[in-house]
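K.L.:
Got a structure here, written out as structure tokens. Questions coming.
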Amino acid sequence: MGHSRRPAGGEKKSRGFGRSKAAADVGDGRQAGKPQVKKAVFESTKKKEIGVSDLTLLSKISNEAINDNLKLRFEHDEIYTYIGHVLVSVNPFRDLGIYTDRVLESYRGKNRLEVPPHVFAVAESAYYNMKSYKDNQCVIISGESGAGKTEAAKRIMQYIASVSGGSDSSIQQTKDMVLATNPLLESFGNAKTLRNNNSSRFGKYLELEFNTNGEPVGANITNYLLEKSRVVGQITNERNFHIFYQFTKAAPQKYRDMFGIQQPQSYLYTSRSKCYDVPGVDDAAEFRDTINAMGVIGMTEAEQDEVFRMLAAILWIGNIQFAEDDSGNAAITDQSVVDFVAYLLEVDAAQVNKALTIRLMETARGGRRGSVYEVPLNTVQALAVRDALSKAIYFNLFDWIVGRVNSSLTARGSVANSIGILDIYGFEIFEKNSFEQLCINYVNEKLQQIFIQLTLKAEQDEYAREQIQWTPIKYFDNKVVCSLIEDKRPPGVFAALNDACATAHADSGAADNTFVGRLNFLGQNPNFESRQGQFIVKHYAGDVSYAVEGMTDKNKDQLLKDLLNLAGSSSNQFVHTLFPNQVNQDDKRRPPTASDKIKASANDLVATLMKAQPSYIRTIKPNDNKAPREYNQGNVLHQIKYLGLQENVRIRRAGFAYRQTFDKFVERFYLLSPKTSYAGDYTWTGDEESGARQILKDTSIPAEEYQMGITKVFVKTPETLFALETMRDRYWHNMAIRIQRAWRNYLRYRIECAIRIQRFWRRMTGGLEFIKLRDQGHQVLQGKKERRRMSLLGSRRFLGDYVGVGNKGGPGEMIHNGAGINGSENILFSCRGEVLISKFGRSSKPAPRIFVLLTTQTNRHVYIVAQTLVNNQLQIASERTIPIGAIKSVSTSNLKDDWFSLVVGGQEPDPLMNCVFKTEFFTHLTNALRGQLNLKIADHIEYNKKPGKLATVKVVKDPGASNVDSYKSSTIHTSAGEPPSSVSKPTPRPKQVAARPVTKGKLLRPGGPGGGPSKLASRPAPARQPMPQPTPQPAAVQPPPAPRPAVSPAAQPRPVPQPVAAVAAAQHTRNASSSSTRAPPPPPPATPPAAQRKPMAKVLYDFNSDQSNELSIRAGDLVQIVSKEGNGWWLCMNTTTSVQGWTPEAYLEEQVAASPKPAPPPPPPAAPRASPVPATNGAAAAVAAKAKAKPAPPAPPAKRPNMAGRKVAPAPPAAPRDSAVSMNSHDSSGGSGRGTPNSASNASLAGGLAEALKARQHAMQGHHDEDDEW
């Protein structure tokens, strides 16, 4: 229910999964529940409100203000208004289009605060409360005749049938049967009156039964107060029950032939009021709906035939006419009508004559049966007997139909809860009111009493009982009126009526006079007045005057034994079903009167309603003319007063909207507090009251929004309750989101892992084709040509199209188009180079060109493309195009130069070309010729300088030549190259980098496969134990100083990746002294025992290997020995890069750790060859000089250790690393335990100097040791 007068701050909040609750304001500026951010989109899409949709928001509470608001909304087609949970409905007398499926769906799963007032909202609330709280519900619809009670009941049934779910066929069948009861019971129980074209002339309480899933499994209907007198007579402009007009107008020919059915004008019971039609109602179509409804509820064709046989009998009984005979007694005027009635009832015609014209009288004496006399009836008495028979047949037939419907609607499963819908005709005040109006108004008084007890009195009584502070409201309790009618002591109206019937039962007039005398005893009651032949009862709806005449006869409600005997003599089994009771001729007890029956029925109804949680719909009739847009303020104001709407508004404004026992409240909302629940389980150990307090505290409900009673918690506004419901729904919604997030995280993690595997695989295998092509180039040269050092790099790949001639866009496309190369051709090779150009009278000189090699099925050429400037414009054109098949040979030298010639032998000179990627060109050309390339490698280059004139170009090795070849006078000067047998070096290992997280954001794994951060990332420095300041070491021993990053857990809680060099620098810094010039301190105290040093080895010879499990080392390096094998191989680790691998034992010399001495002498000046670790290029040069004097290193053992038995740390893969595991470590305790040893533990004075002396000694004696080994 959106309010246009909501104070600033009142917001709306949508609930998850279909239900929403609004956090609207309480009304004094406070906001119920937790404040929410206003959503402008919601406000902008809301329909503009007319007046106020809840009367509790009226600024002035009065009957006139309520009337004005209802009128304003009625004029704008807004017929529904709230009073808290009570719905006020004004009958529009026309179709507003507000009951369509689209409108129904808009109310599904919504609370009343977020949708406009509607009967669908009441139905949704009742259904939701039944499912959520497992309480039986009932909807009490009250109001006067013609106010729209029946329509409201039908819409509630429509909504519940639509939203109650259930795809099972039996459940759907139950829904269909429940909906089918409407047209069926309306046909037999509704009629046109002066005030209403479809007035319910009976009371109906429909109880829908549901299983634990909220699916309808059955229903039960209880009917009250059928107005059977309407069967035999109606006032002008009213009609009999609808079924008579439907049957007479639209009966099929079968029934017309069997039962003699004619038009309604032919029957007394349907023509007495001279009203045969209802505006806007098609009786024929309604009859088809009735027949269809009979089929839906399972009524067989035989049963339908019997029902219509009884209807025909009633119509024909009404046509029996009487006249006085010579004795003044009643005589039937047309025997043929009696004979047809006898045919329909399947009895003897003579028995019908006797039952209608003669009454059996029995005399008794001394308690014994006496004589039986046949007393003739006069015409008035005969007509009364005739009408009594018709009324009895129709009344019993209606009860049979209701019972038949209940039989079909019997629950087909266990019943958990129910929703009841009460539709009973409302308060009636006519010009002449009789016994029927008294009964109707009495039942409405009982319903009003329920409303007072459940909404007003019970409200205040509960507040007092629970010791809740609130302002009491005065109200009118109509219990005194109910007591006036139903009490026995002192006797009420019904008791006086029964006494008059028992005292003067023979004469109706005498009985009526006796009744008037009994009423005089009620004159002292302030709600009763007795007048001549009438009495007035002051009902809650107004004063009603009742006529005494005929009340006693109507109260007797006794079918003569003659008529019961007639029914008992029928050979029709259905008639026996309608009149099952056998006549007990000896029973002298007074049968129950009509007032006794209606009193018992009303009390049973009240007891049923009191067992359920009620919802109220108060219907209002805007005018007596059934006009669509007419609003009679006087009539509506009267209804507002007797419905007690003003008191209802006042009590609602002063009370609490929701109350619940502590245990049920905690059971419903314990999920909202982390102290009362964990993972969906109830964890509170205290009592229910303390648990309820904790829930309200943790949900931030203001203290003024609730009160704690003795056994219940009271919530002031519905907005607060809806906020709790919203939070409860959001709890499950959030749990679902967590599961979804975890699942999406898993999928993302799986995809990320697959991508990384694919990326690694592409990185490992994507360049294999280029590497294979490069290795093929070595075979093409046949080991006859020296190689350039850059050509043997491990990172060299034969990529082919270096200029990008085959690409779209860029300079390559310009060359492609300028040279006239077809776009569909396959570019094998393109590169920039030079061609030797000969000019007349001048020496030849190289000129830049672009070489393109392409092959297709139809075009296989070598293009030589020239770029020239013509008028300052770049011109690109193919200078020469050589078919690949025309190339007889390729001539090149055996030195490392880049010159070669394509020997064609045509009319043009052979091109002499200079290309840095010559080997790759030879390889592609070989493949294009399918291995038939004639490559000539000699000490010179041959080519046809002119057609038929073979020329040679010398290639000489010039030690003074630069790295760039030079051509002069048919001689090419080049420097020395790598040996012709050289092959490409292994692919270099990429630089080790920190691993990236496997996933991003707040997902499962923040780091590598282990879920932690990268070990290469910056970590807090380990706590250093206090130690004495070391003595300065020689510069030759100290590593170069490097800045050490200051890292602390508090300053950097998250590791930051750093380059390996930075990590290594930090390690070396810890190994060095902080100063080399500081004065020596006094002798230090005793130091703790030094940590055990890990075995180290010095590298004696260079060892290069392209195997992934072998470690390449350089002479003079120090490596850490991880393990030793007895087959000549040691597993070592490079202390700088933390890379492990196998190394020949003969290439290493294990270093013996010297024991620390207390005070070593200062070392002598360091000699150039005394450096312990050759860390600079200068030191490397010294080692190279020393290597010239040493013999060749020994060959590595032929057999390496079995790698399957030991896992060797692989070389770091290409950056970026996919794993968070790093072989580099800050200390020996981290990582895998094979990290670089931390020399900080040996940083004492004695240990440092001793290690320096030992290293210097080994360096000086290394040459002799090597000679001894070889």
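Yeah, the Cβs are placed from backbone N, Cα and C, and that goes for glycine too.
Since the structure is predicted, the reported quantities are computational estimates derived from the model, not experimental observations.
Here's the feature list from Swiss-Prot:
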type	residues	note
BINDING	G143, E144, S145, G146, A147, G148, K149, T150	ATP binding site
DOMAIN	50-729	domain 'Myosin motor'
DOMAIN	733-753	domain 'IQ 1'
DOMAIN	754-779	domain 'IQ 2'
DOMAIN	787-980	domain 'TH1'
DOMAIN	1092-1153	domain 'SH3'
MOD_RES	S371	phosphoserine
REGION	418-500	region 'Actin-binding'
K.L.:
Given pairs 6 or more apart, does the domain 'IQ 2' (754-779) have at least three Cβ pairs under 8 Å with the domain 'TH1' (787-980)?
P.N.:
yes
K.L.:
Name, in the order they occur in the sequence, the residues of the same chain whose CB lies under 8 A from the CB of G148 (ATP binding site) and which sit 6 or more residues away.
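P.N.:
Set apart from G148 (ATP binding site) by at least 6 residues yet with Cβ under 8 Å, we have S89, V90, N91, T619, K621.
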K.L.:
Just name the most isolated of the recorded positions T150, S371, going by other Cβ atoms within 10 Å of its Cβ.
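P.N.:
Least crowded of the recorded positions T150, S371, by Cβ count within 10 Å, is S371.
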K.L.:
Enumerate same-chain residues with a sequence separation of six or more from K149 (ATP binding site) and a Cβ-Cβ distance below 8 A; give 'none' if the list is empty.
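P.N.:
Within the chain, K149 (ATP binding site) has Cβ neighbours under 8 Å at I141, S142, G143, S200, D423, I424, Y425, G426, I617, T619.
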K.L.:
Please report the Cα separation of G146 (ATP binding site) and S371 (phosphoserine) in Å, rounded to an integer.
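P.N.:
Between the Cα atoms of G146 (ATP binding site) and S371 (phosphoserine), the distance comes to 53 Å.
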K.L.:
For the domain 'IQ 2' (754-779), how many residues does DSSP put in helix, in strand and in coil?
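P.N.:
In the domain 'IQ 2' (754-779), the DSSP-based counts are 24 helix, 0 strand, 2 coil.
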K.L.:
My understanding is the cutoff is Cβ-Cβ under 8 Å with a sequence separation of 6 or more in the same chain; which residues meet that for S145 (ATP binding site)?
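P.N.:
Sequence-distant Cβ neighbours: T193, R195, N196, S199, Y425, G426, F427, E428, K621.
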K.L.:
How many whole Å apart are the CA atoms of E144 (ATP binding site) and the residue listed as 'phosphoserine'?
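P.N.:
A Cα-Cα distance of 52 Å.
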K.L.:
By DSSP assignment, list the helix, strand and coil residue numbers for the region 'Actin-binding' (418-500), in that order.
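P.N.:
Counts, helix then strand then coil: 47 helix, 7 strand, 29 coil.
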K.L.:
Could you put numbers on the helix, strand and coil content of the domain 'IQ 1' (733-753), residue by residue per DSSP?
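P.N.:
Taking each residue of the domain 'IQ 1' (733-753) in turn, the totals are 21 helix, 0 strand, 0 coil.
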K.L.:
Please work out the mean pLDDT for the residues of the domain 'SH3' (1092-1153).
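P.N.:
For the domain 'SH3' (1092-1153), the model's average pLDDT rounds to 87.
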K.L.:
Starting from the ATP site formed by G143, E144, S145, G146, A147, G148, K149, T150, give every other residue of that chain whose CB sits within 8 Å of the mean position of their CB atoms, in sequence order.
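P.N.:
Other same-chain residues near the ATP site: N91, N196, S199, Y425, G426, T619, K621.
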K.L.:
By the DSSP assignment reduced to helix, strand and coil, which category contains the residue listed as 'phosphoserine'?
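P.N.:
SS state of the residue listed as 'phosphoserine' = strand.
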K.L.:
Can you tell me how many other Cβ atoms are located within 10 Å of the Cβ belonging to A147 (ATP binding site)?
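P.N.:
Looking across every protein chain shown, the total is 26.
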K.L.:
If you measure A147 (ATP binding site) to S371 (phosphoserine) at Cα, how many Å is it?
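P.N.:
Cα-Cα distance, A147 (ATP binding site) to S371 (phosphoserine): 56 Å.
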K.L.:
Any idea what the Cα distance is from the residue listed as 'phosphoserine' over to T150 (ATP binding site), rounded to a whole Å?
P.N.:
53
K.L.:
Could you give me three numbers for the domain 'SH3' (1092-1153), the DSSP helix, strand and coil residue counts?
P.N.:
3 helix, 29 strand, 30 coil
